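A.B. asks: From TrEMBL, for reference:
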- 1-18: compositional bias 'Low complexity' (COMPBIAS)
- 101-313: domain 'ABC transmembrane type-1' (DOMAIN)
- 1-28: region 'Disordered' (REGION)
- 42-70: transmembrane segment (TRANSMEM)
- 105-127: transmembrane segment (TRANSMEM)
- 139-160: transmembrane segment (TRANSMEM)
- 189-213: transmembrane segment (TRANSMEM)
- 246-274: transmembrane segment (TRANSMEM)
- 294-315: transmembrane segment (TRANSMEM)
Amino acid sequence: MSAAPAPTVTAVPAAPGRPGRRGRRPARLGVSAATRRQQARLGVLLVAPAVALMLVFLVFPVLNAVYYVFVDFDGLDVTPPWVGLGNFTELAQDRQVWAAAWNNLIWIVLGTVGPLVLGLTLALLLWGVRRGSTLYRIVFFLPYVLPQVAVGVVWGWIYAPTRGWLNRGLEAVGLGGLARGWLGDPDTALYAVIATAVWTATGFVFVIILSALRNVDTEQVDAAMLDGAGYLQRLRYVVLPQIRPVFLMVTALTLIGGFAVFDLVFVMTGGGPANATEVLGTYAYSNAFQLSRISYGTTLALVVTALAVPVAVWLDRLQRRAALDGGGA
């Protein structure tokens, strides 16, 4: 007997317009135009208070300051006279401005280098210390968080000519001939105030750099030591490149502080004696609020800002580049 032929199975085509189960797609949840408009209005409503505060406390004062630069405003005139570039011309010819700018330059150099060197040295010395490290950081950082007015008053007592702790200490060790009125001597007043600023900023630099050192790859340091690299070589080629972004950041902060210095000078010396400690900030203040020369003081303040901003931008670019390069490692 011959085998029966196998039955033929014919595929039934799917109905047009109705894809199979595998070809189905989930329905998309769309957002209606009304919902988008409502969300946009809500976003504007939430941002509006911040924008209003920025306009009131930032944009309007800046525009007002720019206006004062081109007029002669004494704080009373409703319509101050227009002087154009007269304030800038007077500023360029004012010898006291150049003397104050020179004092600012000295402050920028010493007030930046001092905290960086001292803070880095302290951080390297205490890098491997674990016991009591929190206490060290608190003690060194405390001067930075104290009000500058309080710091100025205390250091004014230290520098006092008769009962000051500094002169008493010099006399106690047989160096009484060096005792003097540190803030009353034009030769030492500026450096005495800068020393106070260095003491204040060193703790900040120390804490930041110490935190950066805790993230240094110690395996690279150990490998360099096994290769025969000395301490200074390890520091220069292994450690410092890894903390370069942080070091540039604290450099920028301390450097900009040299442009904006005001409070310590104002509290400790008021710009004296004989303008020996006058800086651009105190000179702008005295013109604007003591001599009622609002426009001239504003011009000085804008010039200081114009000098500080490019330096800050340059240092910020260096810091970003170092961060992108992996800290220079």
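Start at 1 and count along the chain as shown; that gives each residue its number.
Each Cβ is built from the backbone N, Cα and C atoms, and glycine gets one as well.
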A.B. asks: Same-chain Cβ contacts of the transmembrane segment (189-213) under 8 Å, 6 or more residues past its ends?
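C.D. replies: Distal contacts: 103, 106-107, 110-111, 114-116, 118-120, 122-124, 126-127, 133, 137, 139-144, 146, 148, 151-152, 155, 159, 182-183, 239, 242-243, 246-247, 249-250, 253-254, 257, 261, 264-265, 268-269, 272-273, 276-277.
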A.B. asks: Using a Cβ-Cβ cut-off of under 8 Å, list the residues of the same chain that are 6+ residues beyond the ends of the transmembrane segment (42-70) and lie near it.
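C.D. replies: Those are 82-85, 87-88, 294-295, 298-299, 301-302, in sequence order.
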